[in-house]
Every structure is written in structure tokens, then in C-alpha cells.
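Peer 1: Below is the structure I would like to discuss, written out as C-alpha cells.
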Amino acid sequence: MLRWLTAGESHGPELLAILEGLPAGVRLSLDHVRADLARRKLGYGRGARMKFEQDELHLSAGVRHGLTIGSPIGLRIGNTEWPKWTEVMSPDPVDDAVFETGRGQRLTRPRPGHADLTGMQKYGFDEARPVLERASARETAARVALGAIAKRFLAELGIETVSHTIAIGEVEVPDDARVPTLADLEAIDADPVRILDPETSARAVELIDEIRKDGDTIGGSTEVVVTGLPSGIGSYAHWDRRLDAKVAAALMSIQAMKGVEIGDGFRTTRRRGSAAHDPLYATGDGIARSSDRAGGIEGGMTTGTRLRVRVGMKPIATVPHALHTVDVATGGDATAHHQRSDVCAVPASGVVAEAMVALTIADALLDKFGGDSVGETRRNLEAYVRSIPAHLRTTPELADPASARPAEAEVDESPMGDSLSEWRV
Ligand SMILES: Cc1cc2nc3c(=O)[nH]c(=O)nc-3n(C[C@H](O)[C@H](O)[C@H](O)COP(=O)(O)O)c2cc1C
Ligand SMILES: C=C(O[C@@H]1CC(C(=O)O)=C[C@@H](OP(=O)(O)O)[C@H]1O)C(=O)O
């Protein structure tokens, strides 16, 4: 089992994160983590803070001489903005004067769409500062750092993860656009909105400019693609073992995410059954699916084809043309507080989504294969893959129905072996 925890406020001294349960022997350098932290700060439409704040990474535990050692991995990410916030976020009591002016002013005009008002009710505060400090997506830097480590573990097993933007507002990548692989990552990250198709990217940038000019904000969607997965990760046997449920929960836990689709998701719900699933064909190399509508998960388990999940983000709640609200200090009409904000954080949210998927997959793999060292995990994985009998084996490549015969014929000719042990994992 892999466990992870984060702590830290948006304007506190630092974010903290612990990853527990990762096997020993994973090759890891600080640069791997730094690279993903830098990717998370990219993206057209982010606010001023992304330009001046640095993510100061410290690896405190669990790694020695470039290898994980099986102990909990601990890391810190310093907020370089901290010197401006020492009084407002001081752990010790401060003088009341701090709350009179500037950064310390009490935030009594809650923003609709953010955690402000309900957080005040729930935790018993009379202003939103202590709420937004933790509700803020600054915390996603810690998740991305942990995800970068999980990705190193996955890479040791030949599993690769990539994300890209598929929509900004109503500007969408066409349905039939090529699904990227890790080889496309450089091109995706080089694009201002992380869209592969230059024409769609240009329209998305134009839209963000328009939205910014209007004093508004915009959301969108991203897709995460994972290749190299064996079949059978997750399970149909109980609700909390289903991999689709775990991936959906992980993605929905990211600030501002409002919906998750596995594979073709809601598009599938509008199709007839005959056009909604991925028919099986016998190819010379095993059983293959002729389409990728399920997104690589059936019955809560990986099918062995690429995993494809999408997550949709609502527009940023701190709208510059601030929304109507109530000043809870006076009870009167007001506009919501706004100092600065992102106009669009969809490109960055893809990097966070990648991290959450990587952590979830790494956990599910360890659930099935265990391993105190990555070599042990790899041996267990390979033994499982070898144990699947030839007539049940699948290939990740899509079948061409024209040159394949239906899988049923194959099964008829070669029924499952007499002995249970022949196919038992
Ligand atoms: C990468 C990223 C950046 C974000 N930046 C902002 C921002 O600048 N201003 C803002 O109001 N919300 C921002 N959000 C969204 C809020 O954190 C989120 O809406 C808030 O925590 C309320 O949670 P909910 O939207 O899940 O209900 C961002 C989210 C992400 C993932
Ligand atoms: C700091 C980050 O994102 C922040 C997420 C965020 C929010 O409300 O979620 C609000 C903004 O912070 P501030 O109000 O201080 O400008 C973003 O900059 C980051 O991603 O590193």
C-alpha cells in the first residue's frame, strides 16, 4: 500500500509531503521532481504569483545516493513569498494592528465558488483567511512532487504517463485527434496551453486573452494517458477496489475539478451498445480490442490497453469582475474579495492530474504485486503476466477487424485448460 499526506498553507513558510510504502531501489534525483514542479507553473492564463514565486525543493528523507531506500520519503517545498507573510501567517499571536491594513485585512467578503463561506461556518472563523490558505491549489505543488516520485517507480516497470489539455472553455480538441504518448510530452509542455494541435491551441490562447480583457475566468478539461499497464490492476470484487473509482476520486480531489470521464465517458452513454464497447478479435499475437472507447478499464480493472481518463475544471472562482456576495462583518451587500488570481489554470491542472493518476496507479500496482524492492515488484509483475495462459492473452495494440477473426472462434477451438492451476494467478 502506498500512502501520502501533504500539509502547508498557501502563504505559509512551506509545503510538506510524505510518501510511504514506495519500494527501495527506485532511481530518483531532485531534478526529476524539480522538472515536474516547473511544468506545473507553466500555462497561459496563470496569475502574477507564478512568475515571482519559486518552488524551493528539499528532499528530507527516504532517498540515498539517487535511490529510494524503502523508508518514508519526506520533502519540503519552500514558499519564497513567505517573507511577505510572516506576520499574517505567524504561528504565534500577533498584534491586532496586523489585521487593520494590507495583507492582514480580514476577508469578510467570501468568494462564491471558493471554500470561503462554508469553511468559515464549518471551522468557526469569522473571516476567510484561514480557510483559503489550505483550500488554495498551492497545495498541488506538493502533490506534483509526490507524483513525480510515483512516476519514477512506474517508469521502472515500463509504465509511462502523459497529460494534455483537451478543452479551454468551448474551444475543444477534435474528438478524433491523436491520443498523445510520452514522446509528445516536450511538444505538449512547449505549447502555452498544453494543446498538441497548433490551430486549437491558438484559438484557446485567443479565448484566454478575451476572457482576461473581460475581467473574467475560464475552465476546461485535460486528459491523462497511461501506457504499459498490465491487465488486471484494480478489481470488480468490491466497490473500493475498483480502479476507475480510485482514479475518479483522486482526480475529483483536485481543487476545482467538477467531473471525471473514463475513456469516452459521457459520449459512451449516448451511444447504442453495438457502438459503445471495444469488440475483441483474435490476432496472431493474442486477443486485441478494435477500439479504445472504454479507456483501458473494464469491470474496475485495467484491460492492458492504454488508460485514458479526462477531468474537467470549473472556471476560477476569484473572478476579477467580482461576483455579488455578502460582507459577513456588516451583513450588507458587497462584491467578493479579489487581489489577484489565475484567469485559467487548466494547463497546470493537467500536470496535477498526471501526478494524482500516477500515485493512484502506483498504489494499485503495489496492492497487486507488493515488493519491498522495485526488483521484487518487477519479478512479481512479470510472473503474473507470464502466468496468463496463451489463449487468454491480450495485446495493447488495436486490432484491425478486417484482418482478424472474431475471438469467439479462438475460444471455441482452444477451451480453457483442464487444470485450474494452469490459469490461476
Ligand atoms: C492549478 C490550480 C490553480 C488555481 N488557481 C486559482 C486561483 O488563482 N484563484 C482561485 O480562486 N481559484 C484557483 N483554483 C481553484 C480553487 O483552488 C478551488 O476552486 C477552490 O479550492 C474551491 O474548491 P472547489 O472548486 O473544488 O469547490 C486553482 C485550482 C488549480 C487546480
Ligand atoms: C499559488 C498557487 O496557486 C494559487 C491557487 C489559488 C487558489 O485559490 O487555489 C489562488 C492563487 O494564489 P494567490 O491568491 O496567492 O494569488 C494561485 O496563485 C500555485 O499554484 O502555486
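Each residue, glycine too, has its Cβ placed from N, Cα and C.
Remember, TrEMBL labels are computer predictions, not curated facts.
These numbers come from a predicted model, not from an experiment.
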Peer 1: TrEMBL lists region 'Disordered' for one of the ranges 54-84, 209-239, 271-301, 395-425; which is that range?
Peer 2: 395-425
Peer 1: Taking 10 A as the limit, how many CB atoms besides its own sit near the CB of Arg40 (NADP(+) binding site)?
Peer 2: 27
Peer 1: Long-range neighbours only, meaning 6 or more apart in sequence with Cβ under 8 Å: which ones does Arg134 (FMN binding site) have?
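Peer 2: Set apart from Arg134 (FMN binding site) by at least 6 residues yet with Cβ under 8 Å, we have Glu9, Ser10.
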Peer 1: Distance between Ser136 (FMN binding site) and Arg46 (NADP(+) binding site) at the Cα atoms, whole Å?
Peer 2: 14
Peer 1: What number of additional C-beta atoms lies within 10 angstroms of the C-beta atom of Ile316 (FMN binding site)?
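Peer 2: A count of 26.
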Peer 1: Around ligand 1, within a Cβ distance of under 6 Å, which of the binding-site residues Arg40, Arg46, Arg134 show up?
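Peer 2: The ones that qualify number zero, so the answer is none.
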